[in-house]
Amino acid sequence: MSLETPRTHYTSQIDIEQIGDDKVTVCGWVHEVRDLGGICFVVVRDREGRAQITLVKKKIDKEIFDAARKLVRESIVAVTGTAKAEGKAPNGYEIIPESIVVLNEAESPLPMDTTGKVDAELDTRLDSRFMDLRRERTTAIFKIRHEVLRAVRDFLSKDGYIETCSPKVVATATEGGTSLFPITYFDREAFLNQSPQLFKQILMSGGLDKVFEIGPIFRAEEHDTRRHLNEATSIDIEASFLDHFDVMEVLEDMVAYVYEQVIENEAASLKALDIELSVPKTPFMKVPYSQAIDIVNAESEETVEWGGDLGTVAEHTIGEHVFKETGESHYFITDWPTEIKPFYAMPYEDNPLISKSFDMMHRTMELSSGAQRIHIHDMLKARIESQGLDSDGFDFYLRAFKYGMPPHSGWGIGCERLVMTMLSVENIRDTVLFPRDRKRLSP
């Protein structure tokens, strides 16, 4: 199929002073039709915004006028005409059409409202995601998500990191545990990978020095909360000859840069979401684990023993404490007990009970985990076995530590949680085009 009237502009690109009397063609969805008898207004929507098409009955071809009045909402149209300044119209102009071509007429009634005038439940919107994406707020979230990932790549690439890709079908659990999706790989059992961790460490032995990956991870955890997904997008780095303090600095600087870029490049999307974003101040506050549990025990009804994990109540308590003290939402919890961190986290030499590990937190939830890694083969093998895992199953990983593995550190941060906390989105599923959670496998 070839278009007789190819698009010349997005609706946001039309500049009256530059275009003059030249013809323009916009293509998109019929957002609204207002028939006032002697005048008809058609609002056409595309990815970048809206354009008002103005038809005055006495000044336009009767066939075009009658066709415009009968347009079905959400039909696909191509409109060609002359743009004129009109301060009351979207983007400050209107188009006086010489042709309106219906490229595909929508059925009626629609599965959901796209104007934002009628609210719909999240599951209703996800069931008809193709319609939900036509809502300005939904589009804004995914434009910002795109900018977040673009900024991440830009920041890390400029800092000398090489983008890599690790396999998503693996034979061994990355970090132990049972939260894996088993699959059949020809005649063998395999799993969907829960993290690129082991592979990015192997790359340190290969001499790539500093790497990053943006890709899917899979967790077979039966959470059913607003903060959890079973398929998510993880942003990971690994870097040789850097310790945990070094990579914490990389992480906080990257987060600040991402916020800067979103503010600079997605002002219209932020406006659509009615959000005024500010750049987090660096360096982020560092709260040792021992101090964190003291805060929880003193300021909440929850009690956390040393060596216990931090739940939702604890995270909120610490987050509020930090916010009151600094006015900032981002901070680190450092120096976690070795036994509750993954086997590859490096213990302190003078106190092996504490690891060189950290979580980067937002006021409302955990965003990232990282650590300096164990780079000594025998120590790493012993840690694997101390957690009840079979070291033979990690041979492909351990071999890389026998022949010259440099000291290295790294972290992973969830893209969805980063976007969710940035935009104060209530449910993490709103930050994924087609989310996979405990109950949803389609669309």
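Every residue, even glycine, has its Cβ placed from backbone N, Cα and C.
Record note: among 197-200, 241-244, 333-336, 197-200 is the stretch given as region 'Aspartate' by Swiss-Prot.
With ARG219, ALA220, GLU221, ARG227, HIS228, LEU229, GLY414, CYS415, GLU416, ARG417 listed by Swiss-Prot as binding ATP, the candidate from GLU163, GLU266, GLU276, GLU366 annotated for that site turns out to be GLU366.
Among ARG219, ALA220, GLU221, ARG227, HIS228, LEU229, GLU366, GLY414, CYS415, GLU416, ARG417, the residues given in the record as binding ATP, the maximal Cα to Cα distance rounds to 19 Å. In the three-state DSSP scheme, ARG219 (L-aspartate binding site) falls into the coil class.
Calculated from their C-alpha atoms, the gap between ARG417 (ATP binding site) and SER369 (L-aspartate binding site) amounts to 13 Å. Through the fold, the region 'Aspartate' (197-200) approaches residues 164, 166-167, 172, 174-175, 211, 213, 236-238, 342, 344, 394, 397, 410, 412 of its own chain, all at least 6 residues removed from its boundaries and within a Cβ separation under 8 Å.
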